[in-house]
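If you check TrEMBL, you get these features:
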type	residues	note
DOMAIN	41-287	domain 'G-protein coupled receptors family 1 profile'
TRANSMEM	25-49	transmembrane segment
TRANSMEM	61-82	transmembrane segment
TRANSMEM	102-120	transmembrane segment
TRANSMEM	141-164	transmembrane segment
TRANSMEM	205-225	transmembrane segment
TRANSMEM	237-258	transmembrane segment
Amino acid sequence: MAQDNFSQVTEFILLGLSDTWELQLLFFTLFLLAYAMVLLGNLLIIMTVRTDPKLSSPMFFFLRHLSFIDISYTSVTAPRVLVALLSGHKAIAFEGCMTQLFFLHFVGSSEMFLLTVMAFDRYTAICRPLHYTAIMARRACWALVAACWVGGFIHSIVQILLVLQLPFCGPNTIHSYFCDVLPVVRLACADTAFTEWLMASNSGLISLGCFLVLVASYALILAKVRAHLSQGHWKPLSTCASHVMVVTLVFVPCIFTYLRPAGTLPSNKYVCIIYTTFSPMMNPLIYTLRSSEVKESMWRLWKR
């Protein structure tokens, strides 16, 4: 078919999670509660870290930025999902879909890079304690955070350019509740095999690469702690345990979703809930429950 015969798609239809009104109401309630917990929990962490001078170490500096990323990441999808579930309006303009896709990968990949930086911070604190202050100086911390955002932007701009070069002429129904590269690519009126492999290499390998770096760093930390058992090492190990929980929630579903071409397996929109909503909701609980310093600071903030 010639390119001139294509009728440009102007909007997509997001089928959402269910067509049954009772289930839509249930999902609306669950998403509303989850989004409220994401906002309140992460805002509380940001306020606590900013107002308490005792939480000035690089670990809490990165934690504050992680909370900001979690709020931004969930806000890319949750408000529109809530409106669609309540109103039944499932259409999204082509430009709106591309915008959502861009910011989803921009913020999401920035979070992956930041989690990798946080693992490096823990490795340096435990395995090289004498050099920790020099290595993780405040200027270096800001440079690492900036590098995370720049890396996320480069990743996302590559994804959006790969999607925009595809022609869309016929079906416009997306079997998900938000716009993502794999469901959108399936609707293209062209052979997308090469584009799918590029996207899998971009998103999937970034997820897998960061995950392997994280696993390696925590393995080195564990080896260090086991070789030098002392009371002072168990507290950093407890902190690392909370990081491992976050890493599992974020990376495993992303690797399952993106480390494959679009046509090999059907996408599971319920798996997407884990890393778009559940993980940002659990991060404040995991970090506050595993950190006595944060809990004490929150209590002092509450009393003030």
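Just so you know, glycine gets a Cβ as well, placed from its N, Cα and C.
Remember, TrEMBL labels are computer predictions, not curated facts.
On a predicted model such as this, the values are computed, not experimentally measured, just so you know.
Here the transmembrane segment (61-82) has long-range neighbours at 16, 28, 31-32, 34-35, 38-39, 41-43, 45-46, 49-50, 92, 100, 103-104, 107-108, 110-111, 114-115, 117-118, 121, 138, 141, 145, 177-178, 276-277, 279-281, 283-284, 287, 294, meaning same-chain residues at least 6 beyond its ends whose C-beta is under 8 angstroms from one of its own. Of the candidate ranges 25-49, 102-120, 205-225, 237-258, 102-120 contributes the most Cβ pairs within a distance under 8 Å of the transmembrane segment (141-164).
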